[in-house]
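According to Swiss-Prot, the protein has these features:
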BINDING   166-173, 191-195, 213-216, 283-286, 314-316  GTP binding site
BINDING   Ser173, Thr193  Mg(2+) binding site
COMPBIAS  129-143  compositional bias 'Polar residues'
COMPBIAS  383-398  compositional bias 'Acidic residues'
DOMAIN    1-159  domain 'Obg'
DOMAIN    160-333  domain 'OBG-type G'
REGION    127-148  region 'Disordered'
REGION    373-405  region 'Disordered'
Amino acid sequence: MKFVDEVSIFVKAGDGGNGMMSFRREKFIEKGGPNGGDGGDGGSVYLEADENLNTLVDYRYTRRFQAQNGQKGGSTDCTGAKGEDLILPVPVGTTVIDAATQEIMGDLTKAGQRLLVAQGGWHGLGNTRFKSSTNRAPRQTTPGKPGDARDLKLELKVLADVGLLGLPNAGKSTFIRSVSAAKPKVADYPFTTLVPNLGVVSVGRYKSFVIADIPGLIEGASEGAGLGIRFLKHLARTRLLLHLVDMAPLDGSDPADAAEVILHELEKFSPALTQRDRWLVLNKADQLLEEEREERVRHVVERLDWKGPVFVISALESEGTEALSQAIMRYLDERAVRIAEEPEYAEALAELDRQIEDEARARLQELDDQRALRRAGVKSVEEADDDDFDDDDDDEGGAEIIYVR
């Protein structure tokens, strides 16, 4: 199944039913009074988070949805039937945006969570409602109100505790295969990973966390080059970033250069994202002799002026991966305790999350606008070449994200 993480849809709530004008007409009853009933309310449109979904592909081709209208009122004071609500299932992690105002209507982050996106129209009133001491036979009714209608933009961000950053072929997919039961494709060419991969890492008997791998970043990614830029937004909700660096690149390049490329592209994409806690993970250490390994580790750390945690591992040989997984679990546990005990810390993290999402959305919108200009034949000197940008309209391949234990 193709992985689709952005769609635009139109939703229309049902209109309210009109009120009924009628009068009581029975044998032996003269001048029967009004008995027109009210109409029924229109059905509303809801989005509901469904843990069984992991892509928005269902909304790629069917994009218009309307709830049922309310029925008109009946005679003998019968109220019209209410229109049936329309419930649209979406994956957990979907952000709902009003396309007209760009206002975020809500985030569906828990299974079963429901969000009202279009309110059904109010019912019309029958003529019985207008009976009074001075007007015993009213001929007045009201029509039902129209239901809400709006264009929505749905954005899916995978929910993971830990996100992986790195150049193509840094060993991110191999690392996920090493620490979880997930089996993403691994090969010796760039961009083996085309969509986010998720794996559930079990630590001990009862604890686990979710780790996400996105397509590798390349130089110029913040300007649209490569595949990874569009998927950087999926790291907005992670709690920790692991920066994987290939310590033994086949082309003999300096690992510190590769690390600096990632930091530079991350800063240009979202300065707030660089404030997320990050750990440096130096991979493929098994391919170096001990002295050379120590020298390269020291060189990378000094070149980056890295102050945070550093782990030296071999994902292929599973060396150091267990210690890293345990350290991540401890970090996540301590973070959860601190959030519960320190309201200021929790609010600061929430504000950082909002800032990251705002910056990511603004940057991606800017890239979309540049692409639209190019398609219209308008060129800009400042805009970067976006020929390598992954275009969902042209890509019929893809895969679904699966949580695997």
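Note that Cβ sites are derived from N, Cα and C of the backbone, with glycine treated the same way.
Taking the features listed in Swiss-Prot, we show where each one sits on the structure.
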residue : record              : Cβ within 10 Å
Gly166  : GTP binding site    : 25
Asn169  : GTP binding site    : 21
Lys172  : GTP binding site    : 31
Ser173  : Mg(2+) binding site : 24
Pro215  : GTP binding site    : 25
Lys284  : GTP binding site    : 24
Ser314  : GTP binding site    : 22
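Taking DSSP states H, G and I as helix and E and B as strand, the region 'Disordered' (127-148) has 4 helix, 0 strand, 18 coil. Gly166 (GTP binding site) sits 11 Å from Ser173 (Mg(2+) binding site), taking the C-alpha atoms as the reference points. DSSP classifies Ser314 (GTP binding site) as strand under the three-state reduction. Spacing of Pro215 (GTP binding site) relative to Ser173 (Mg(2+) binding site) is 9 Å (Cα to Cα, whole number). Note on the domain 'OBG-type G' (160-333): mean pLDDT across this stretch is 80. In the three-state DSSP classification, Ser173 (Mg(2+) binding site) falls within a helix. Ser314 (GTP binding site) sits 12 Å from Ser173 (Mg(2+) binding site), counting Cα to Cα. Mapped onto three states, the DSSP output places Gly166 (GTP binding site) in coil. Geometry remark: Lys284 (GTP binding site) versus Ser173 (Mg(2+) binding site), CA distance 13 Å.
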